[in-house]
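Undergrad: The transmembrane segment annotation in TrEMBL covers 24-44, 56-75, 132-153, 159-177, 184-202, 232-250, 262-286, 298-319, 326-346, 352-370.
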Amino acid sequence: MNTVSDSGGEPSEGVPRNTNTKNYIVGLGLLFAVVLLWTASSFLTQDMYDDGYQKPFLITYTNTASFVFYLLPYITRRLWADRWGPPKSTRSTIDYQPLEQELDIDAEPAVELIAPIDQVDRSFTVKETARLALGFCFLWFIANWALNAALAYTSVASSTILSGTSGMFTLAVGRMFRVETLTLIKIGAVLTAFVGVILVAISDGSPDGQPEGIGPSIIYKAATSLPVLGDFLALMSAVFYALYVVFLKVQIREESRIDMQLFFGFVGFFNIVLSWPMGVILHLAGMERFEIPTTHNAIVIILLNMFITLSSDYLYVIAMLKTTPLVVTVGLGLTIPVAVIGDSFLGKPAAAQVLAGALLVVLAFIAVGVENAKPSEGGDLISDDFVDNACAQQSRVRLEH
């Protein structure tokens, strides 16, 4: 029986501490890989913007569309099974193998469930996976597009500061759905990371007030008259980011319950089919003209970003399932110190203010990581009977119903 705690970093009563610790360390390792990939993507995108090709919707659309390649393994398995495999009645329902995760089959459940355990922890069917991907697709796309589009209407400093509030929203929404405990250390770490982001953003702001990378186009004209719209988009990105990471944690809980390749494949498919009308609206409104990239540099960067998104977002979701939404949210702030190191290699030394901000982000991540690695023992500030085990939570809802 699968009894690993849902919070990833906070073991439940029925699971050995070393089991969760190993999964937690694997999640942190995957998160560090995501940070490196996303930082590389940022440098590539910045280079493309400097060349004059600024298309936030097209970039977000192509990046998300790359997920459709994850459907190929599933389609191949189905075709192979239909032609050469055993009869359907004897086939296993689970083909996807998650990353290695130790489970204690002898452990007793932390809570006595109202419904049979196989109904609570059963794997997602193909139809359920598609339905989950449909909901996630819109949350993910809006969060990423809003952040890219915000740069067209407001300064980099304002956009970075407002999107940096995602840690606060993640902690608040995660506490509402009981996948995060609210502690003084977590609140302090989130605020510390936010101060670090502010220091970096203010130091990196454009002195002339013009958003970086935006040329004399209709977008720049809008940027000079609608800075509030850019601030709203950046804030909306932070809210939707918190919603989609908590949404996945609540719905999936454990990586072993779902075929992640099939899930991301459906996300890419729904993005291709359902998101293109938004691009048509932006084109007709003059906010983002549809233009095929003509330079070799822009084409190569778009393809590289698609490959980075294809791998990094897959690893990112697995890292979140093995840790907690707040850990990965604060952990993504590590792109700041990694970017500082990258700039130093490119001959662009960082100012003292940027170094101080990067140090605060690192300290905040360490504090959140250590706090989540400790067992939960009634430390929630709001309620002492906090329940972070999803099975127990579902059983309680059934009982009340």
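Even glycines carry a Cβ here, placed using N, Cα and C.
Would you situate these features in the structure and describe their surroundings?
TA: Within its own chain, the transmembrane segment (24-44) is flanked in space by residues 8-9, 99-100, 301, 304-305, 308-309, 311-312, 315-316, 318-323, 327-328, 331-332, 334-335, 338-339, 342, 369, 372-373, which lie at least six positions past its ends and keep a Cβ under 8 Å from the stretch.
Remote same-chain partners of the transmembrane segment (56-75), defined as residues 6 or more beyond its termini with a Cβ less than 8 Å from a stretch Cβ, comprise 45, 95, 137, 140-141, 144-145, 148-149, 151-152, 259, 261-269, 271-272, 275-276, 278-279, 282, 288, 290, 302, 305-307, 309-310, 313-314.
Note on the transmembrane segment (159-177): residues 147, 150-151, 186-187, 190, 193-194, 197-198, 200-202, 204, 230-231, 233-235, 237-239, 241-243, 245-246, 249-250, 324-326, 329-330, 333, 380, 382 of its chain, located 6 or more positions outside it, place their CB under 8 angstroms from a CB of the stretch.
Listed as Cβ neighbours of the transmembrane segment (184-202) (distance under 8 Å, sequence separation of 6 or more from its ends, same chain) are residues 156-158, 160-161, 164-165, 167-168, 171, 326, 330, 333, 336, 353-354, 356-361, 363-365, 367-368, 371, 381.
Long-range Cβ contacts of the transmembrane segment (232-250) within its own chain (Cβ-Cβ under 8 Å, at least 6 residues beyond either end) map to 6, 135-136, 139-140, 142-144, 146-147, 149-150, 153-154, 158-166, 169-170, 172-174, 177, 179, 317, 320-321, 324-325, 328-329, 390.
Long-range contacts of the transmembrane segment (262-286) within the same chain, counting only residues at least 6 positions beyond its ends with a Cβ under 8 Å from a Cβ of the stretch, are 57-58, 61, 64-72, 74, 96, 126, 129-130, 132-134, 136-138, 140-141, 145, 218, 313-314, 317.
Outside the transmembrane segment (298-319), and at least 6 residues removed from its termini, the chain residues within Cβ reach (under 8 Å) are 27-28, 30-31, 33-34, 37-38, 40-41, 44-45, 47-48, 51, 53, 59, 62-67, 69-70, 98-99, 248, 255, 260-261, 264, 328.
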Undergrad: Under 8 Å between C-beta atoms and at least six residues away from its ends: which parts of the chain pack against the transmembrane segment (326-346)?
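TA: Residues packing against the transmembrane segment (326-346) from afar: 8-9, 27-28, 31-32, 34-36, 38-39, 42-43, 164, 166-167, 170-171, 174, 180, 186, 189-190, 193, 196-197, 200, 241-242, 245, 316, 319-320, 354-355, 357-359, 361-362, 364-365, 368-369, 372.
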